[in-house]
Structure formats: C-alpha cells, structure tokens
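Novice: Annotation comment: Swiss-Prot describes Lys754 as ubiquitin cross-link, evidence class similarity to another entry. Taken from Swiss-Prot, the feature disulfide bond applies to Cys30-Cys36, Cys353-Cys382, Cys432-Cys454, supported by similarity to another entry. Feature annotation from Swiss-Prot assigns N-linked glycosylation site to Asn114, Asn199, Asn248, Asn442. Under the heading repeat 'LRR 5', Swiss-Prot lists 151-175. Among the features that Swiss-Prot reports, repeat 'LRR 7' is placed at 200-223. Under the heading repeat 'LRR 9', Swiss-Prot lists 251-278. The annotation repeat 'LRR 10' is assigned in Swiss-Prot to 279-308. Positions annotated as repeat 'LRR 11' by Swiss-Prot: 309-337. According to Swiss-Prot, the repeat 'LRR 12' annotation covers 338-361. As annotated by Swiss-Prot, repeat 'LRR 13' applies to 362-388. The feature repeat 'LRR 14' is assigned by Swiss-Prot to 389-414. Per Swiss-Prot, the feature repeat 'LRR 15' maps to 415-437. Sequence annotations record features per position, and here Swiss-Prot assigns repeat 'LRR 16' to 438-457. According to Swiss-Prot, the repeat 'LRR 17' annotation covers 458-478. What Swiss-Prot records for 501-524 is repeat 'LRR 19'. Under the heading motif 'ATG16L1-binding motif', Swiss-Prot lists 761-778. Under the heading site 'Interaction with bacterial lipopeptide', Swiss-Prot lists Phe349, citing similarity to another entry as support. Among the features that Swiss-Prot reports, topological domain 'Cytoplasmic' is placed at 609-784. Positions annotated as transmembrane segment by Swiss-Prot: 588-608.
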Amino acid sequence: MPRALWTAWVWAVIILSMEGASHQASSLSCDPTGVCDGHSRSLNSIPSGLTDGVKSLDLSNNEITYVSNRDLQRCVNLKTLRLGANEIHTVEEDSFFHLRNLEYLDLSYNRLSNLSSSWFRSLYALKFLNLLGNVYKTLGETSLFSHLPNLRTLKVGNSNSFTEIHEKDFTGLIFLEELEISAQNLQIYVPKSLKSIQNISHLILHLKQPVLLVDILVDIVSSLDCLELRDTNLHTFHFSEASISEMNTSVKKLIFRNVQFTDESFVEVVKLFNYVSGILEVEFDDCTHDGIGDFRALSLDRIRHLGNVETLTIRKLHIPQFFLFHDLSSIYPLTGKVKRVTIESSKVFLVPCLLSQHLKSLEYLDLSENLMSEETLKNSACKDAWPFLQTLVLRQNRLKSLEKTGELLLTLENLNNLDISKNNFLSMPETCRWPGKMKQLNLSSTRVHSLTQCLPQTLEILDVSNNNLDSFSLILPQLKELYISRNKLKTLPDASFLPVLSVMRISRNIINTFSKEQLDSFQQLKTLEAGGNNFICSCDFLSFTQGQQALGRVLVDWPAEYRCDSPSHVRGQRVQDARLSLSECHRAAVVSAACCALFLLLLLTGVLCHRFHGLWYMKMMWAWLQAKRKPRKAPRRDICYDAFVSYSEQDSYWVENLMVQELEHFNPPFKLCLHKRDFIPGKWIIDNIIDSIEKSHKTIFVLSENFVKSEWCKYELDFSHFRLFDENNDAAILILLEPIDKKAIPQRFCKLRKIMNTKTYLEWPVDETQQEGFWLNLRAAIRS
C-alpha cells in the first residue's frame, strides 16, 4: 500500500510539472524569425522546451528567480536575451555556456548579490551587457569582462549598495562605445581602475557626491570622448588644476544631467573647461543653479574664456532664486569663442544687449520654448548684436507680430535661417522687411490663414506646415524646398510660381487628385510627399499612378500613405491596389454600346411586332384592360338588347336583310344591336363595342372568311370571350355562314379556335327547306 501511494505521488508530480511546462511554453509568443516575447507574463522560471530556432528571447518584467544550466542549453543560436526586472538571485555557473552567438544580454534590476566571471567566459560575441540595478557591492573578486573582446556597451552598478571600484574590475576591456556606472554611494575608487580602457566613446557616471570625481577624471581624461554626469550634487565640487594640467586630454563633450550647482561650484566647472582644453561642447540638461549669479567675488575675472568650448546647450534650467539673480555681466567676456548656443525651456525672456554684443563668434542661437516677445527681442537684437549669427530659433515663444519681428531682426545682416514656428501670429501683413540674406524661414504651427508678399523673395526653404492655409499662390523664384503639410490645400501649387522647386512635402491636406501634367510642370522636382490626402481614385488618377514605374522614386511615402477616399467600394484601399470596373473607366464607350444594343433591340422588336402582329396584340391588350375595369356583370335593368350581332361588313347583306327580318319581325320580336344602327356617334368604337356587348343578353358571331379578316370582329370576339370565361356564362352564339377550315384561321384568332372547340355552332344551310329550322334553333338559342 505505501508503495502504491508513493507511485501515485510520483506520477502526480510528473503530470503537474508537465502541465506547468506546457503552460509556461504557451506563455511565449514566437514569430517565424525566432523572436519570442514573454515579457510581463508572471513567469516564475524560464520556460522549458526552448530550441535552437530561438534567436531573440524577452522574459523581462516577470517573477523568475533562478537560471539553471539546463534552461538555455539548446538555444545555441540565441542572439538577444532580456531577463531584466525579475527576481533572479542565482545564476548557475554554466547557465550561458552554450550561448556562443549571444550579442545582447540584459540582467538589470534583479537581486544578484554576487557576479561571476564564469557566466561570461564563452560569450565571445557579446556586444551589450546590462547589470544595472542589482544588489552587489563590487564587481566580483576576479575580472568579470576579460573574456568579452567584442563588448561595446556596458552598464554596471546600482543606486544603493555599489560602493567600490577596483583596478581589476575593467581589465580586458580595450574599447567601449558606452560605459554607464551607477555609483551614487561610491566610497572607494582605486586609482587607475578605468585607465585600462584605452578608448571610451561615452561614459555615464551616476554620482551623488563629487568627492571621487576628480580621481575618475584623471584616469579617463586621455581616453574619453564624452563624459556625462547624472544625478550629482556639485555644491562641494572643487577642481584641482594640478591634477590634469599637464596631461593630454581627449574629452570633447561634457554633459551635466540633473546636476545641482552653486555659484562657487559653477566657477569650478568653468575652470575645468579651461584646463581640459579639448572640450568643444557642454550641455546642461534639467539642472538646478542654487545661487544668485554673483561671480564677481569668486575669481571668475581671472578666467579669460571657456577654453575651446564652441557649443553650449542648456535645457530646463531651474533657478530657485531667479528674482535675485544678477545680470551675469561677469561672464560676458568668457563667451567670445562660443559659436552655438541653445537655451530651451528655461524661461528666458531677455538676452541683454551687452551679452549679445559679446557673442561675436555666435553662428547659431536657439531660444526655443521660452518667453521672448517683440519688446524684449528689440533689446536682444540691438545694434552690433550677434554680428555673425546665421541661424536664429525662436520657436514657441510669445511673438505675435510678423511684421515687427522682421523689422527687429534687420540688424542681423548675416541671418539666413529663421525659425519662428509655434508662435501665434494668426495673420500676415501684405508687406514686411527682412534681413537681406534670408534663405530659410519656418512658420509652421503659427495659425496663419493665408500667405502674402510679406515673405522674402530670397527664400530657398519655406516651412508653413500645420496652419490653416487653403491655397498657395505666392511667386518665390528661388524656393527649392516647400513644407506645407497639414493644411487645407485642395490642389498642388502652380509650378509657374515655384520654378526651381526640388522638394515639396504636402501630405495631410485635402488634395483629392494630381496628374502627370502637374508633376511634369515641376521640372526640377525630385522629392514629393503627398500621402495622407483624401484621394478620389478616378480612372485617370489610377492609370497615372499605377502606370508610372518611376513615380516611386519621386513620391517618398509611396505606396503606404496613398489611400482612396472614394468611390466608396475602394475606400481605405491603397491607391496602388485599387481597381475600378470597365463601366467606371470607360463610361462613354459603355453608354454608346448600351445605346446601340437598345437600338438593335428596338429594331428587332419592331420587326417581330410586324411579323407576328405585335401592334395588334398590344391594342387588344389595352382594350382588354379597359374591359377589365368595367363591372363584371351588368345589372338586369341595363340589358337593352336580346343580342349583339358581330359580323363583317362584307356579310352585312345577310345580316340586315335576312337575320334582322327573321328576328325583329317575329312575334314576339327580338331586339338586335347592330353597329351601323345602334352605336353612339362620337364615342370611341372600343367603348361602343364593350357597352353593346354588356347591354346584350347574347352575342351572335356571324362567322365567315370575311369575319376572320376583320380587326373589329376580333375585338368583339375577345370581349365576348371575356364574358364567356371570366363571367362564367353562356353568352356567345356562333353562326357559321360558310364553311371555314380551322387550320385556315390565323394564329392571332386563338380565342375563336377555343370557342369553336368548346361550343356548338349553327351552320347556315344552303338548302332553303332547312332554313326554317335554322331560324327556330337561333331563336331558341337567344331565349336560353
């Protein structure tokens, strides 16, 4: 019994483990190229069943705690492995041994407390390694990265427990494109720890305090291109000139991101610019200046310039004591060599005239997303200000008058590129004055409704996208590039206005078509972006766009952004794929063919009507319909005649001289209705026939060869037949005046054939001795 229980328990464990493995494998989604996505699936282990077909595996943001030797042993072709943001605390020694093709490994933000070089000893192809955010204190007792000759990006450290950097830590790394070290609580830096790396393109340091910053600079200043300092409080920073004054430096760019300065530490940073002579570019991003800008008492006057700094970028600068800030006149002399200045989102409302005049080498000035207005711009662009300025960016400020803005910039004689986008100009005056060398103008997102001759004729590049323009009719003879997307244009501009245009971007308007002739009229056009419009996919438009193989070289967003808006059955389809029917594309030909077919049909109908008496049948149909509208049975008081006599005019002698004499002069007499005598003059003959038949008790048909040839006799026969069959009575009396062969009766007298087949008829005897009996039978038939 215990053995049976043990066996059952083992099988239950096996089944549950198989179900778990199946569930985890199903948590992965893999495409045919071997890219598997399993991030954010609440996995607690690496799914089993992974094969050599997996090229990329993303298991980030799960609950994985352990990586074993078997988990990835079959993934020999794996190139990308993401295990970040898990709970991994243990990685077995040979877990990555089989991943010889691995190029990207992310183990960041786990719970690894110890790092082992054995993890990486077979990863010769590894180019990217991220170990940030784990809980280790050091990078291990031996060199971690000595077996990674192709490593180009390395991220190590954490914000709390990583406290030591030793000389062995980066041994074996010769060249890195990017090295990021998160060491906010760094306490020990052994000199020359970073010196083993002969070349670093970009070093990112997260340091809370600058205590060890100079020691690190000493080691890297000769092998580094760009140093980025993040999340650092430089209040106590002090630069020692003796440290690096005699060393060959290669640092070209300094970036301070989320760094705090004081007036004193800012001066120390400026000293650094002087002594690290290779620095060409300095960037301050989201920094805070905890001071009032009073540098006069801080020996700043002994610094003559900012070294070789040519580019200065400041974004989102915070100055808590802004309203106590000094005029910065003490730093004016330092700016003479600066060529490019960017100050974005820093609440700048004025550049003092004196500072503008000191910026004698300035070629590029970007004051985007600030508070500049025409009133302050007048002071900033004063006489002799920015004498060599070529590009001025005033995007998203508080400018309102285009005319005034142009006049204020007349002092900038070398200005050729002006960006005043995202200002609320709303309207444009008829005339404006601009610097004489203006070649580029950006007026996008300025809410203008129309363009006027205010724009300078010297323009080569014009951007008026994202406005309310519904037409473009300006003559700009030198314009080469036009950006006019996101407006309300209904057609392409006239090419005669823009004779040298080579680039036009006119997407997201309400253009519904353009033709080959329009494109050909732009003789120098090389690039056209016209997608996102509401195209009417007419036959001509489709023929042009689908038939021009070279069109794709001009239309840069072809074919993805070109979609039909109408006709409705192709709406949403790509213009390249839309197809119209023959009737839509050749309407004139189809209409002509239809008319010809209709004419032939009418002609054929006419021939058939003539051949088969169609016109006669139509007349009879009309007469029958008229008869159908009459009451089905006349009331008794409307019966005026004993019999209506239907006969041919050629048989009138027999009817009038024999029948009338025998019936109307008999005692009691019969009252007959004859068309010659009793039809009402002026009344339509069809109505006379119908009324006479309906007012007669019987209808007598005098049949002869002449009868079957008579049209009116046929009408009378039809109406009588209507009463005979539709009213279900016995009103018809047939008199055969002469023998008639039934086969000789025309087909159109079908009713006569039916009556002769269904009713007994009286035959007029030639023998006079039998004629008395004929009249007796006829009188009896009328009375019945």
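Every residue, even glycine, has its Cβ placed from backbone N, Cα and C.
Could you place the listed features in the three-dimensional structure?
Specialist: Secondary structure at Cys36 (disulfide bond), taken from DSSP and collapsed to helix, strand or coil, is strand.
Reduced to three states, the DSSP call for Cys382 (disulfide bond) is coil.
Around Cys432 (disulfide bond), the same-chain residues at least 6 positions away in sequence with a Cβ under 8 Å from its Cβ are Leu402, Glu403, Gly406, Glu407, Cys454, Leu455, Pro456.
Using a 10 Å radius centred on the Cβ of Asn114 (N-linked glycosylation site) and all shown protein chains, the other Cβ atoms total 14.
Over all protein chains present, the Cβ of Asn199 (N-linked glycosylation site) has 14 other Cβ atoms lying within 10 Å.
Counting Cβ atoms from all protein chains shown, Asn442 (N-linked glycosylation site) has 21 others lying within 10 Å of its own Cβ.
For the repeat 'LRR 5' (151-175), same-chain residues at least 6 beyond its ends with a Cβ under 8 Å from one of its own Cβ atoms are 108, 126-140, 142-145, 181-194, 196-200, 206.
Long-range neighbours of the repeat 'LRR 7' (200-223) within the same chain, counting only residues 6 or more positions beyond its ends whose Cβ lies under 8 Å from a Cβ of the stretch, are 157, 159, 175-186, 189, 191-194, 229-234, 236-237, 239-240, 243-244, 247-251, 276.
Helix, strand and coil residue tallies for the repeat 'LRR 9' (251-278), in that order: 13 helix, 7 strand, 8 coil [DSSP].
With a cut-off of 8 Å between Cβ atoms, the residues of this chain six or more beyond the repeat 'LRR 11' (309-337) that come close are 270, 273, 279-296, 300-301, 303, 343-347, 352, 354-355, 358-361.
Break the repeat 'LRR 12' (338-361) down by DSSP state and the numbers are 6 helix, 5 strand, 13 coil.
A mean pLDDT of 96 is what the model gives for the repeat 'LRR 13' (362-388).
Each residue of the repeat 'LRR 14' (389-414) gets a DSSP state, and the totals for helix, strand and coil are 10 helix, 3 strand, 13 coil.
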Novice: Determine which residues of the chain contact the repeat 'LRR 12' (338-361) at the Cβ level, with the cut-off under 8 Å and only residues 6 or more beyond its ends counted.
Specialist: 306, 309-317, 322, 327-329, 332, 367-373, 376, 379-382, 384-389
Novice: Near Cys30 (disulfide bond), how many other Cβ atoms are within 10 Å of its Cβ?
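Specialist: There are 18 such Cβ atoms around Cys30 (disulfide bond).
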Novice: Just give the helix, strand and coil counts over the repeat 'LRR 19' (501-524), going by DSSP.
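Specialist: Once the DSSP states are binned, the repeat 'LRR 19' (501-524) shows 6 helix, 3 strand, 15 coil.
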Novice: Considering only the recorded positions Cys30, Phe349, Cys353, Cys382, Asn442, which residue has the minimal Cα-Cα separation from Asn199 (N-linked glycosylation site)?
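Specialist: Nearest candidate: Cys30.
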Novice: If H, G and I count as helix, E and B as strand, and all else as coil, what does DSSP give for Cys30 (disulfide bond)?
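Specialist: Going by the DSSP assignment, Cys30 (disulfide bond) falls within a strand, counted as strand.
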Novice: At the level of the C-alpha atoms, what whole-angstrom distance separates Cys30 (disulfide bond) and Asn114 (N-linked glycosylation site)?
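Specialist: That comes out at 32 Å between the alpha carbons.
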Novice: Under DSSP, the repeat 'LRR 17' (458-478) has how many residues in helix, strand and coil?
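Specialist: DSSP composition of the repeat 'LRR 17' (458-478): 0 helix, 3 strand, 18 coil.
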